[in-house]
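J.: Positions annotated as ATP binding site by Swiss-Prot: ASP51, GLY52, GLU53. For HIS144, the entry in Swiss-Prot reads Mg(2+) 1 binding site. The Mg(2+) 2 binding site feature in Swiss-Prot is assigned to ASP183. Per Swiss-Prot, the feature active site maps to LYS207. Residues or ranges marked as D-ribose 5-phosphate binding site in Swiss-Prot: ARG209, ASP233, ASP237, THR238, GLY239, GLY240, THR241.
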Amino acid sequence: MTAATAQNIKSSLNTDRLKLISGTSNPILAKEISSYIGIEDVPVVSKRFADGELYVQIQQSIRGCDVFLIQPTCAPVNDSLMELMIMVDACKRASARQVTAVIPYFGYARADRKTAGRESITAKLTANLLVSSGVDRVLAMDLHSAQIQGYFDIPCDHIYGSPVLIDYLSTKNLDEIVVVSPDVGGVARARAFAKQMKDSPLAIIDKRRAAHNVAQSLTVIGDVANKTAILIDDMIDTGGTICAGAELLRKEGAKRVIACASHAVFSPPAYSRLSADDLFEEVVVTNSIPVPTSQYFEQLKVLSVANMLGEAIWRVHEESSISSMFR
């Protein structure tokens, strides 16, 4: 989004009834979104009692307003989710006209189906909890699987971080590109990414997962020799999947490997894996989840999705199309 676009929002938008409220999960991203739209965050008191209970109070009137709560449900996941639901409840009890939960990263998204007996579908449970808290709409980015949209009994707008990633990659003048899915489940995502990358060829890493957070790569389907391999995934958690894929691509002759993901979950030992020498030329992520300074490494590039989220918020408020942002 350009500065001119932001200025158009400031001049045309009825900001009197548009309110942005930030949780504690990613206040820097919330400030960037506020700057793009041209309004200040509503002040909020958020604290924890001695017994661990959370307390939230909205510090100004939001009666009759269109409220957008900005809160990725990242680590600590349960606290972030609970704080979001408490904020929703506080806004509804304060007579907000509509409350939209802006969730740049949706925690529990990987528990989107049963893979064994007697398991919970926690993504569906999380959606139910949010709806029960009173939220009217959800704006989520790069859900782990598309069917999660259907878990909500309210409107759920799904936006994508790929335009931000692709805009950055296009500045690098890369040649001989092949887009690689780190597993079979990510083929649709990688195919869409490859199409946006000037119809680049696609390769797939066939792997089998032996246990949670453990991945074993087996073989590459497709030609990666002497090419720039772009490994694309929705998130990087412990780094096992993406690093195993990069090692295999190097063995298969890829001249460079670039990892791209929307969500930098970065659970240990992600830092030590991703920062290893001669594995990645670059690791490109967005700021949907805040990356602590202690977890920065030489190859890491963090891109902001604030303008894209700000544009989506504006379009929801103005009842304009969001899908046209990604055509």
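The backbone N, Cα and C atoms fix where each Cβ goes, glycine too.
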J.: To which of the binding-site residues ASP51, GLU53, ASP183, ASP233 does the lowest count of other Cβ atoms within 10 Å belong?
T.: ASP51
J.: On a C-alpha basis, identify the one among ASP51, GLY52, GLU53, ASP183 that is nearest to GLY239 (D-ribose 5-phosphate binding site); the candidates are the binding-site residues.
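T.: Going through ASP51, GLY52, GLU53, ASP183 one by one, the closest to GLY239 (D-ribose 5-phosphate binding site) is ASP183.
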J.: Should GLY240 (D-ribose 5-phosphate binding site) be counted as helix, strand, or coil on the basis of DSSP?
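T.: DSSP assigns GLY240 (D-ribose 5-phosphate binding site) to helix.
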J.: In whole Å, how far is GLY240 (D-ribose 5-phosphate binding site) from the residue listed as 'Mg(2+) 2 binding site' when you measure between their Cα atoms?
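T.: About 12 Å separate the Cα atoms of these two residues.
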J.: For ASP233 (D-ribose 5-phosphate binding site), which of these recorded positions sit within 10 Å, Cα to Cα: ASP51, GLY52, GLU53, LYS207?
T.: none
J.: When a 10 Å sphere is centred on the Cβ of GLY240 (D-ribose 5-phosphate binding site), how many other Cβ atoms does it contain?
T.: 20
J.: What does DSSP assign ASP233 (D-ribose 5-phosphate binding site), in three states?
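T.: Where ASP233 (D-ribose 5-phosphate binding site) sits, the three-state DSSP reduction gives strand.
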J.: What's the CA to CA span in angstrom from GLY240 (D-ribose 5-phosphate binding site) over to GLY52 (ATP binding site)?
T.: 33
